[in-house]
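Trainee: Next up is a structure, given as structure tokens.
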Amino acid sequence: MSTIMQKIKEIEDEMAKTQKNKATSHHLGLLKAKLAKLRRDLLAPPTKGGGGGAGEGFDVTKSGDSRVGLVGFPSVGKSTLLNKLTGTFSEVASYEFTTLTCIPGVITYRGAKIQLLDLPGIIEGAKDGKGRGRQVISTARTCNCILIVLDAIKPITHKRLIEKELEGFGIRLNKEPPNLTFRKKDKGGINLTSTVAVTHLDLDTVKAICGEYRMHNADITLRYDATADDLIDVIEGSRIYMPCIYAVNKIDSITLEELEILDKLPHYCPVSAHLEWNLDGLLDKIWEYLDLTRIYTKPKAMNPDYDDPVILSSKKRTVEDFCIRIHKDMLKQFKYALVWGSSAKHKPQRVGKEHELEDEDVVQIVKKI
């Protein structure tokens, strides 16, 4: 592992010394590809027969409808924030793991059970194998949203460091997957086409990056001005794209003018965990970023159950998804569904499995006789 870390440092040093311009883009693209491969090797799970790797003992059972991971440096008030949120809205449970205390709490908010998970151990250099970063980030990758807790006194410094660590683990915050296609083929070399003007990538750079992965035949289509990093992300194929909120804590220690600036920044939510300022606003933002859909069930000849909604992701909210969420065998008996709500053209509307539901729709499943 020390050899891999040494190679990573050498490449990072070379990249830092290399000026970014058109003449060096080919070389930098090649270095970035080498770096991505080394980090992948570094963060790979230990092979069997190693006498018990550092990854043993860290696992948190996923519960609830969605999971939010709290990340932050020590003494930024992360634990206080977690305790205030869970203490106000639900009970908090704690579980001890090997050399690491992880405190998951579940809150019920707008009918959804949301697991808040404290992820300790995010330190500078964690992406390079220091501490227990690999184990912590493997859990972070299972989250539906990341909540980075920052100190209002030095928010930008901590923000950049944490983002760098998460980026190194293949987690992309508040980004969409690269809008490009990469199709491997048996022969014909590397072909690059684009539907827009391209300023970051040329054919030589693309060939160099593909060559590092021993790919010499592929068709690549760019639908936006993609970078070398974007191409590498697609080739690596193990990137996680998730929403992120920056909870700036201890706002009682800054001026009103500074607070107004923070409040205007995208994805930021100023709070004071100690004084319980704007915790409702933070929960609203978490709900917005999780983008969940609540569906109420209605048994035949009975009123809808508004107390215990079925929670779906906004990306998977068809009637079929709804049935699977309730029970995997429900589809075998499915005949049609009756839907009341904003997705229905009339009330009720008879629909099939492919119908897309909207938040707070009411659904009655009609089974085969």
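Counting begins at 1 with the first residue displayed.
Cβ coordinates are placed from backbone N, Cα and C, and glycine is handled just like the others.
From Swiss-Prot, for reference:
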- 66-291: domain 'OBG-type G' (DOMAIN)
- 72-79, 118-122, 249-252: GTP binding site (BINDING)
- 291-367: domain 'TGS' (DOMAIN)
Trainee: For the binding-site residues S75, L119, which Cβ has the most other Cβ atoms within 10 Å, all shown protein chains included?
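Mentor: Top count of Cβ atoms within 10 Å goes to L119.
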Trainee: Over all shown protein chains, what is the count of other CB atoms within 10 A of the CB belonging to G72 (GTP binding site)?
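Mentor: The answer is 23 other Cβ atoms.
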Trainee: Around I251 (GTP binding site), how many other C-beta atoms are within 10 angstroms of its C-beta?
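Mentor: I251 (GTP binding site) is surrounded by 21 other Cβ atoms within 10 Å.
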Trainee: Name, in the order they occur in the sequence, the residues of the same chain whose CB lies under 8 A from the CB of K78 (GTP binding site) and which sit 6 or more residues away.
Mentor: L70, V71, G72, D118, V149, N249
Trainee: Across the domain 'TGS' (291-367), what does the mean pLDDT come to, as a whole number?
Mentor: 96
Trainee: Translate the DSSP assignment of I251 (GTP binding site) into the three-state scheme.
Mentor: helix
